[in-house]
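Q: Have a look at this one.
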């Protein structure tokens with residue numbers, strides 16, 4: 001009966017994912033990006049040299065997928081030696097992870113340059129790049145935590161991995177709202193090289209280096225809690241100012257909270273808000289009064305005698321809070337649709353529901369598990385829920401590029417739902433079985449969805465996914481010269497992160513406070529863009 005249920009569920013998939021209207025909007029999609037990254041200008045010479053050595057017959061999407069495979073394989077080798085993040089992995093595995101991340105970062109930065117060289121830019125590349133980045137984010141965050149042996153603090157491990165996943169989703173959430181993907185001075189590239197530095201330090205000094213105790217008399221938890229409270233109040237003030245006075249969006253969708261004609265969607269949003277507040281309160285209590293974990297390890301936030309491996313977490317928390325504040329500001333105040341709505345004319349808060357349906361069950365299941373499923377199988381747990389998060393993130397990217405409303409429910413949530421119901425009925429099925437099912441089901445669902453979407457787009461645009469027409473030598477030389485003169489790109493047809501590109505599709509141009517940055521404008525269709 002179980003396998004019959006799975007078979008019947010698989011048969012419930014749609015024959016076609018994208019509608020003709022969505023495919024039409026996708027063809028009209030214009031890439032828009034702005035950035036002020038500190039490291040990108042310094043890395044441009046390396047990327048330019050690397051793409052100049054790349055054969056012209058090599059497809060940009062193939063470059064991206066090769067980098068992703070290298071990143072995943074090197075991370076899985078590290079996970080194999082320390083699946084729980086508590087035992088010290090061999091030093092060479094940390095170096096291997098740093099190398100894998102460097103390869104992925106470099107290839108992910110030249111795929112767009114290659115697309116411009118070969119005149120094969122298309123919206124498919126942007127979608128493909130984001131899809132690979134959504135998967136890579138999970139493995140990069142997990143590898144950094146294992147390299148620091150963060151498994152001794154399971155709640156911090158959970159927080160760091162799901163914070164990275166959530167921030168990646170929020171980056172595309174603000175893109176869905178504003179129509180422009182934005183990178184700050186400290187963003188993707190800086191984060192990637194920071195993680196490479198963590199791996200290299202673990203290789204040189206050993207993973208035990210992060211167990212060094214420093215700041216024995218400084219209680220950092222108090223400053224962290226104070227910063228969280230202040231930032232939380234600041235974010236809520238902006239969110240509710242828009243919710244209460246935002247206006248009405250396209251097709252009856254609303255950005256404001258209506259006094260008359262209360263919509264049922266706001267009942268869902270209100271319930272999610274209450275659940276977030278309750279679970280955030282419980283989350284803080286765990287850090288402050290957590291108790292002990294496996295083999296006497298502490299689950300609570302260390303107050304005195306802070307180990308060195310906690311310091312990257314404090315630094316990461318500060319960066320995460322700054323990114324979250326920036327995303328919240330864009331999401332709540334810079335909607336480019338009618339009356340401040342999203343690119344699809346929908347509520348700017350609507351993408352919060354799919355994210356909540358991933359993160360909230362993950363936290364509840366981890367905390368309520370009678371078998372300590374997260375503590376005992378932390379890597380498996382992170383990857384399983386990471387695949388679910390990658391699926392909903394890809395749906396958000398497609399919703400942005402096709403200017404369509406995002407569906408709240410998804411088949412990838414089947415695994416988390418079964419884990420949740422199993423706990424509700426006192427674990428009639430071993431949780432580890434359902435966790436493996438969640439992983440396998442999430443992987444096949446993600447692969448099936450991405451494959452079908454890519455094939456539908458390829459058929460619509462009359463292109464191939466991993467092969468490109470090999471140009472004549474004269475055309476190749478002209479393309480190469482044009483790419484070097486018109487400015488190097490970081491993705492399939494996109495401008496470098498230091499240059500702003502204004503969306504000239506169906507959306508009105510966005511207003512920017514920095515007038516000087518608007519002097520360099522590119523109207524080409526972008527295909528890929530660097531993400532987390």
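The backbone N, Cα and C atoms fix where each Cβ goes, glycine too.
Model, not experiment: these values are computed from the prediction.
Sequence annotations record features per position, and here TrEMBL assigns transmembrane segment to 62-82, 88-107, 156-174, 194-212, 224-246, 266-288, 308-328, 348-366, 378-401, 421-443. Look at TrEMBL and you will find 478-487 tagged as compositional bias 'Low complexity'. Annotation source TrEMBL lists region 'Disordered' at 478-532.
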Q: Give me the stretch from 62-82, 88-107, 348-366, 421-443 with the greatest number of Cβ pairs under 8 Å to the transmembrane segment (378-401).
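A: By Cβ pairs under 8 Å, 421-443 leads among 62-82, 88-107, 348-366, 421-443.
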Q: Are there residues at least six beyond either end of the transmembrane segment (62-82) with Cβ under 8 Å to its Cβ atoms? List them, or say none.
A: 54, 88-90, 93-94, 96-97, 99-101, 103-108, 110-111, 114, 128-129, 132, 135-136, 139-140, 142-143, 146-147, 149, 151, 379, 466-467, 528
Q: Are the transmembrane segment (194-212) and the transmembrane segment (88-107) close enough to be called in contact, which here means at least 3 C-beta pairs under 8 A that are separated by 6 or more residues?
A: yes
